[in-house]
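Peer 1: Just dropping this structure here.
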Amino acid sequence: MAIPSHHQLPSRIEWIDIAKAYGIIAIVLGHILSHTPVSHFLYWWHIPLFFILSGIFVKPLNNVHDWQKFFNHRIKPELELYIGMGILLIGLYTVIHHKNQMFLQNHLVDLIYGGRTLNFYTSTFWFINAYILTIIVLTIIISLISSRTMLVLLVTGGLLLGASYSQVSWMHINGFAMIPWSADTVLITLFYSYIGYTLFHANRNWIQDPKAISGIIVIATTLILIHLNGGFTFRLSLKSHLIQSSLPKAVALILIPTSLALGVMVCALITSKLPFKFGLPLIGRHTLAIMYGHKLFLDICGLVGLKNPVIILLVGIGAPLLAAITIQRISHLTNSLAYGLNNNFR
């Protein structure tokens, strides 16, 4: 993910990789500690964080060639990986849990519907749906509209619309109130991605200013303290379009996830200055593998009787990470051997 993308950036920014690591750890931990206060808090910011980060790497496109490059390099690989990993994980769940062929067929079709129909090992795939749609929409609007004021009004209006209802009531797919690929979620995620685009596209270093760091930490800490003292309530699940708050919903969506996500980014920046980074940059470079694979390994932990959340977290992060690194090295070795053979036969 530069969000999700298995293509590395030409020059990686370490604090962004670390921020992604914090985000994916929060996602895995949220699934381990589901329906707990810790999980509810993590849901406030972990998905918005990824969308804010995704906006950093979006840019306006000016011609057909740029659009072709955008599709071939950013969209097509994500779609291919989504389909490939979906088939693999649905197949694995079918085998591991002794499901029948009808189960397999129905859940393969769910890859087309996307959104809330995606469950079991593919329950996080809705994020890929929303990510792909969000970067397409954001790229379109910043390419067509040059006025910053119009863009702010557009994305804010979308968020206000997204906050105005609980769930789509006029469309149901497989028993879920939803639009295919949870397309209406983009009304909200587009706002976060635009925040990332606006704040970081022109200057990614402003966040290193001590005044910015102090301001973000104060705002994020103040929000947490106010909540702990009963000042407001807030629950957020973008997959389910669940938005509950004692504050006006739009205000809560704008203020809380944005402030806390920026706070996590500041923590990532500070971590990047430390002499030892606990493997976080490596984790951040493989967030997509962990996003796709962790539900499989969390399920395996449950099947073998593991109960310790720390060990389960290490497995949920470490196993997909190890698998991704192994596949990368095998691919690199295969490519090197093929290159050598081609040279020998010239």
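In case you wondered, yes, glycine gets a Cβ from its N, Cα and C as well.
TrEMBL labels come from automatic prediction, so no person has curated them.
From TrEMBL, for reference:
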{"type": "DOMAIN", "residues": "14-327", "note": "domain 'Acyltransferase 3'"}
{"type": "TRANSMEM", "residues": "40-58", "note": "transmembrane segment"}
{"type": "TRANSMEM", "residues": "79-96", "note": "transmembrane segment"}
{"type": "TRANSMEM", "residues": "125-145", "note": "transmembrane segment"}
{"type": "TRANSMEM", "residues": "152-173", "note": "transmembrane segment"}
{"type": "TRANSMEM", "residues": "179-200", "note": "transmembrane segment"}
{"type": "TRANSMEM", "residues": "212-230", "note": "transmembrane segment"}
{"type": "TRANSMEM", "residues": "250-271", "note": "transmembrane segment"}
{"type": "TRANSMEM", "residues": "310-327", "note": "transmembrane segment"}
Peer 1: Where else in the chain does the transmembrane segment (125-145) make close Cβ contacts, counting only residues six or more beyond its ends and a cut-off under 8 Å?
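Peer 2: Those are 1, 3-4, 47, 50-51, 54-55, 58-62, 70, 74-75, 78-79, 82, 85-86, 111, 114-116, 118, 151, 154-155, 181-183, 185-186, 189-190, 193-194, 197, 238-239, 291-292, in sequence order.
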Peer 1: Ranking 40-58, 79-96, 179-200, 212-230, 310-327 by the number of C-beta pairs under 8 Å to the transmembrane segment (152-173), which range is first?
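Peer 2: It is 179-200, which has the most Cβ pairs under 8 Å.
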Peer 1: Given the transmembrane segment (40-58), which of the listed stretches 79-96, 179-200, 212-230, 310-327 has the most Cβ pairs that are under 8 Å apart from it?
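Peer 2: The stretch with the most contacts is 179-200.
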Peer 1: So what's the mean pLDDT when you look at the domain 'Acyltransferase 3' (14-327)?
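Peer 2: The predicted confidence over the domain 'Acyltransferase 3' (14-327), as a mean pLDDT, is 95.
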Peer 1: Can you tell me which parts of the same chain pack against the transmembrane segment (212-230), counting only residues 6+ beyond its ends and a CB-CB cutoff under 8 A?
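Peer 2: Here the qualifying positions are 206, 255-256, 259-260, 262-263, 265-266, 269-270.
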